[in-house]
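Q: Let me give you the structure first, and then I'll get to my questions.
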Amino acid sequence: MRTHLRASLWVLCLASTAFSILAAVNTSPKPTLASAFSGKAGTTAVKANKTTDELLPMVINTWNFTAANVLAWRILKQSKGGLRQTRNAVVEGCSKCEKLQCDRTVGYGGSPDELGETTLDAMVMDGATMDVGAVAGLRRIKDAIKVARHVLEHTQHTMLVGDAASAFANAMGFESESLVTPESKDMWLQWTAENCQPNFWKNVHPDPKVSCGPYKPRPTPLTRWKEDRARNEYEIGRKNHDTIGMIAIDVENNIHAGTSTNGANHKIPGRVGDSPIPGAGAYADNEVGAAVATGDGDVMMRFLPSLLAVEAMRAGKPPAEAAQKGLRRILKHQKDFMGALIAVDRLGNYGAACYGLAEFPFMVSSPAGADRPTRLETVKCIAGQDKVNIVAL
């Protein structure tokens, strides 16, 4: 009898414990995503704890390119949670900017090179497969981001460049047409009338500060190398070199990132910037998140800031801090530049950092916006006093 009583009490005890555990599970709050505001100069972050349902799906892009974000968000919402739409959203969003000639720094008719021609760079990266499709120095084809998608989907290559990229585009059904407009021609004519100032040449003769060339190499003593690194001749600024960089994430944490640009104004023909370079202009990894960059591509591409930001998030840094780390690596070596980074983790937390401007605007669409899902946000950039004591990463 005592044995049966002990057994019954033991069963009741186990049942009570199990019930308590289940009750605790069922009544515990829904997990939230830590995303506290960062007080560091030049960074911004999601300012309140949000659940996954409130953050995803999402679209985020550089600058106040609203129409591109609105279209990408509309496409993402065509399926529940944005599933299987992230690539479409990024490509069509960037394509919208190409058609609108956003700030004259994306798409045709902007940033003429030294010969007066506009060329295009673009990239698409799949965070699930790590596959990339990119084009650089694309001539006579308006749909750069869509050609990049064809490189991704129809070749085993990562990037095609120049006239060969244009021939590939023709083979894929894209039509050739001039990328020069009356506005871009006038920009070029005015530049040449002002002795081609400013330009990107150095260590050549005749003096590139007062002439248009043609130039020949000028021997440079080793003692001049440090001096020649200065970039005072050509200031890259807000209206000189904007890139649309866009990230889309669905509710299953599938990520695509993309970029499109017409490059630096009055660039030397053949120049390619950071936008089509994986890890520089953009980087995406479903296991971690994604980042996109904009600014002085000649400087930024040397440091792969988008990759650095993603790897910082992999190491546990929140997106805002990860974005700042990407810029700090550059600042350790080069302080005369302008640039910005957006970083987003796989759960939809995001942050941005910038340098060389007063502030950096970017567009976000997500459920967190409630009755205003598409919104413009800004981050104040690292100020002059913050330029010192940059730590090595």
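Even glycines carry a Cβ here, placed using N, Cα and C.
Features from Swiss-Prot:
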- 1-23: signal peptide (SIGNAL)
- C97-C102: disulfide bond (DISULFID)
- C196-C212: disulfide bond (DISULFID)
- T243: active site, nucleophile (ACT_SITE)
- R271, V272, G273, D274, T294, G295, D296, G297: substrate binding site (BINDING)
- C354-C381: disulfide bond (DISULFID)
Q: According to DSSP, folded down to helix, strand and coil, what is D274 (substrate binding site)?
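A: The three-state answer is coil.
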Q: Between D296 (substrate binding site) and C97 (disulfide bond), how many Å separate their Cα atoms?
A: 19
Q: Check the Cα-Cα distances from T243 (active site, nucleophile) to the recorded positions C102, C212, V272, C381 and tell me which is shortest.
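A: Checked the recorded positions C102, C212, V272, C381; minimum Cα distance to T243 (active site, nucleophile) goes to C102.
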Q: What's the CA to CA span in angstrom from C102 (disulfide bond) over to R271 (substrate binding site)?
A: 21
Q: Looking only at C97, C102, V272, C381, which of these recorded positions has the biggest number of Cβ atoms within 10 Å around its Cβ?
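A: Of the recorded positions C97, C102, V272, C381, the highest Cβ count within 10 Å belongs to C97.
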Q: D274, D296: which of these binding-site residues has the highest Cβ count within 10 Å of its own Cβ?
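A: Counting every other Cβ within 10 Å of each candidate, the maximum falls on D274.
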Q: Taking 10 A as the limit, how many CB atoms besides its own sit near the CB of G273 (substrate binding site)?
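A: For G273 (substrate binding site), the count of other Cβ atoms within 10 Å is 26.
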Q: Counting Cβ neighbours within 10 Å across all chains shown, tell me which of the disulfide-bonded residues C196, C212, C354 comes out on top.
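A: When each Cβ's neighbours within 10 Å are tallied, C354 tops the list.
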Q: Of T243, T294, the recorded positions given in the record, which has the fewest other CB atoms within 10 A of its CB?
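A: Among the recorded positions T243, T294, the lowest count of other Cβ atoms within 10 Å belongs to T294.
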Q: Just report the maximum Cα pair distance in Å for the recorded substrate binders R271, V272, G273, D274, T294, G295, D296, G297, no decimals.
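A: Binding-site diameter by Cα atoms for substrate: 16 Å.
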Q: Determine, using Cα-Cα distances only, which of these disulfide-bonded residues is closest to G273 (substrate binding site): C97, C196, C212, C381.
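A: With Cα distances computed to G273 (substrate binding site), the winner among C97, C196, C212, C381 is C97.
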Q: For each of the binding-site residues (R271, G297), count the other CB atoms lying within 10 A of its CB, then report the residue with the highest count.
A: G297
Q: In whole Å, how far does the CA atom of C196 (disulfide bond) lie from that of C97 (disulfide bond)?
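A: So the Cα of C97 (disulfide bond) lies 28 Å away from that of C196 (disulfide bond).
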Q: Starting from the Cβ of G295 (substrate binding site), draw a 10 Å sphere and report how many other Cβ atoms land inside it.
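A: G295 (substrate binding site): 30 neighbouring Cβ atoms within 10 Å.
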